[in-house]
Amino acid sequence: MTQVAKKILVTCALPYANGSIHLGHMLEHVQADIWVRYQRMRGNQVHFICADDAHGTPIMLKAQQMGIAPEDMIAAMSQEHQQDFAGFNISYDNYHSTHSEENRELSGLIYGRLKENGFIKNRTISQLYDPEKGMFLPDRFVKGTCPKCKAADQYGDNCEVCGATYSPTELIEPKSVVSGATPEMRDTEHFFFDLPAFSEMLQAWTRSGALQEQVANKMQEWFDSGLQQWDITRDAPYFGFEIPDAPGKYFYVWLDAPIGYMGSFKNLCDKRGDLNFDDFWKKDSDADLYHFIGKDIVYFHSLFWPAMLEGSGFRKPTNLFVHGYVTVNGAKMSKSRGTFIKAGTYLQHLDADCLRYYYAAKLSSRIDDIDLNLEDFVQRVNADIVNKVVNLASRNAGFINKRFDGKLADTLADAELYKTFTDAAASIAEAYSSRESGRAIREIMALADIANRYVDEQAPWVVAKAEGRDADLQAICSMGINLFRVLMTYLKPVLPSLAQRTEAFLNTELSWDAITTPLLNHQVSPFKALFNRIDLDKVNAMVDASKEDMVTTQKVVSGPLADNPVQDTINFDDFAKVDMRIALIKQAELVDGSDKLLRLTLDLGGETRQVFSGIREAYPDPAKLEGRLTVMVANLAPRKMRFGISEGMVMAAGPGGKDIFLLSPDSGAQPGMQVK
């Protein structure tokens with residue numbers, strides 16, 4: 001049946017650019033990729049895009065901690081994210097960043113239209129301010145008790161327990177996440193998006209079929225509570241886009257983050273030249289727009305985002321496809337247990353198709369959480385992919401290759417059975433289309449059981465030993481391989497790597513529309529192992545490596561220790577040879593002919609030493625050091641220098657130049673005391 005090709009734009013939520021992709025993230029990207037691959041197999045024009053969410057205070061602060069520019073940090077993180085997604089065969093057409101000129105331009109455009117249309121309000125507000133860090137605190141940098149359900153340790157914008165949204169000033173007993181200080185209130189002028197003006201439109205959109213019923217019901221609770229104007233402003237210092245004509249004020253990350261979908265697509269249009277941005281984003285667009293997101297960001301995508309689009313003259317999403325969280329072994333992902341598994345760590349140990357299959361087998365169109373039970377994961381992948389599907393090919397391919405030079409029979413051994421398999425296409429297609437991949441997998445595996453039962457009943461290994469039955473053997477094995485081909489066609493959206501190897505073996509593309517025509521009198525390639533069983537030891541090694549990731553992460557430092565790592569270990573006897581003493585600086589003077597050295601005269605409590613020290617740049621007025629106690633190495637061999645003999649070494653910290661700091665003992669220490 002010929003169908004009219006649809007124009008479809010698909011997005012996944014933008015990963016935040018301050019951390020690695022983990023298996024929780026991968027659920028969404030795998031779910032979306034399976035749906036996209038299915039749509040492409042059916043001939044639809046699909047553009048699949050994503051980007052890094054690269055703005056906000058967390059990125060600014062983390063870059064500061066690392067001692068690098070935010071731009072450098074997000075560039076490195078983008079490269080890592082794209083490598084992980086490629087490793088899982090996520091078939092993005094474009095992966096961009098919200099920190100882009102396209103996004104800056106579109107954010108300014110949308111803000112300008114909203115302002116022009118009267119949907120931007122400005123007023124002076126009192127906001128929490130960190131007196132220790134000298135900065136206003138964004139909502140995600142304040143934690144306290146939820147004002148609605150009284151759950152502790154909640155962020156300043158929304159409660160992860162009850163889902164309520166509120167302002168940071170409503171938190172009970174707030175604390176700065178940055179310094180731990182109790183914030184104080186200060187006034188600042190902010191810009192607000194008039195969300196309540198869109199209440200009627202949003203309620204109609206909510207019940208238009210654009211949302212899952214669970215999401216629509218949750219939104220009704222928010223409508224019943226009353227919508228509030230949305231603060232879209234953040235004060236400097238902030239890493240993001242400065243608001244036009246408002247120096248020192250920046251767009252809140254959640255304003256420009258969803259606009260990043262548009263920015264990434266605009267970037268794709270500019271690169272390709274044959275795509276028209278307006279065809280997908282103008283108000284009367286006939287293209288479909290789908291956002292795959294997690295349930296934790298429903299509020300932003302179901303209220304703010306469609307209202308922003310409506311108020312600025314753009315189209316709204318066709319659907320939001322919302323999924324639940326990932327647990328591992330029945331519990332929240334845990335770094336200490338090794339179940340907080342990064343995508344990169346997984347790929348070092350296991351085939352991406354394994355996780356894609358397991359997620360697909362559990363996913364539905366509902367918002368239920370998915371549990372990655374690692375033992376069940378091993379058993380299901382081995383039982384289904386290896387024992388049922390791939391084994392079907394290996395049981396038959398050997399006879400075809402050895403006895404018939406890789407040539408399949410010219411007729412089907414059981415046309416009625418084959419039709420049973422191809423007739424299932426409609427039901428499986430409907431399951432994929434409605435994001436019921438778990439149901440699709442169940443139907444495919446039921447067919448796999450039938451196919452293996454056919455081979456068991458026909459027993460080609462017995463037929464192969466009987467004289468004069470070569471034609472029967474070829475027909476039976478060809479039937480088995482044709483059934484394998486149908487199964488792998490159905491599984492192609494889920495298992496792209498295995499599908500590619502299968503296509504090489506079958507010497508044909510796995511095409512949904514081609515399954516009604518069996519492979520007859522067709523040449524296949526010599527059979528090679530298509531898929532390896534999962535060994536539980538590999539899974540355990542991955543878990544152990546994830547624990548090591550946590551230890552490594554905890555040990556990663558920036559600043560002095562990173563710049564000058566701890567040197568090789570010495571034993572106590574070596575350390576005991578160094579005699580450090582408290583010394584009084586009796587005199588400190590410049591050294592003629594040297595721009596680095598000071599001449600120090602030190603009193604060790606009965607003995608005077610002369611020491612030359614390279615601290616002149618840090619202490620340009622050496623007289624200020626006189627009368628100060630310090631620490632010196634007293635048994636260092638005298639060193640003859642151009643300016644005289646140096647009889648020891650004073651202890652100082654820092655990289656050098658102006659950044660060097662002479663060590664001083666605590667009060668009570670006296671010249672001559674040994675430092676132990």
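Glycine residues also receive a Cβ, built from the backbone N, Cα and C atoms like all the rest.
Your range for motif ''KMSKS' region', going by Swiss-Prot and the list 167-171, 332-336, 402-406, is 332-336. When Cβ neighbours within 10 Å are tallied across all protein chains shown, the highest count among the binding-site residues Cys146, Cys149, Cys159, Cys162 belongs to Cys146. Per Cα geometry, Cys159 is the residue among the binding-site residues Cys146, Cys149, Cys159, Cys162 nearest to Lys335 (ATP binding site). In sequence order, Pro147, Lys148, Lys150, Ala151, Gln154, Glu160, Val161, Gly163, Ala164 are the same-chain residues whose CB sits within 8 A of the CB centroid of Cys146, Cys149, Cys159, Cys162, the residues recorded for Zn(2+) being left out. Around the Cβ of Lys335 (ATP binding site), a 10 Å sphere holds 15 further Cβ atoms from the protein chains shown. Within the same chain, residues 50, 52-54, 56, 58-59, 62, 73-74, 77-78, 80-81, 84-85, 97, 325-326, 328, 333, 340-344, 346, 355, 372 sit at least 6 positions outside the motif ''HIGH' region' (15-25) and bring their C-beta atoms closer than 8 Å to a C-beta of that stretch.
Under DSSP, residues within the motif ''KMSKS' region' (332-336) fall into helix, strand and coil as 0 helix, 1 strand, 4 coil.
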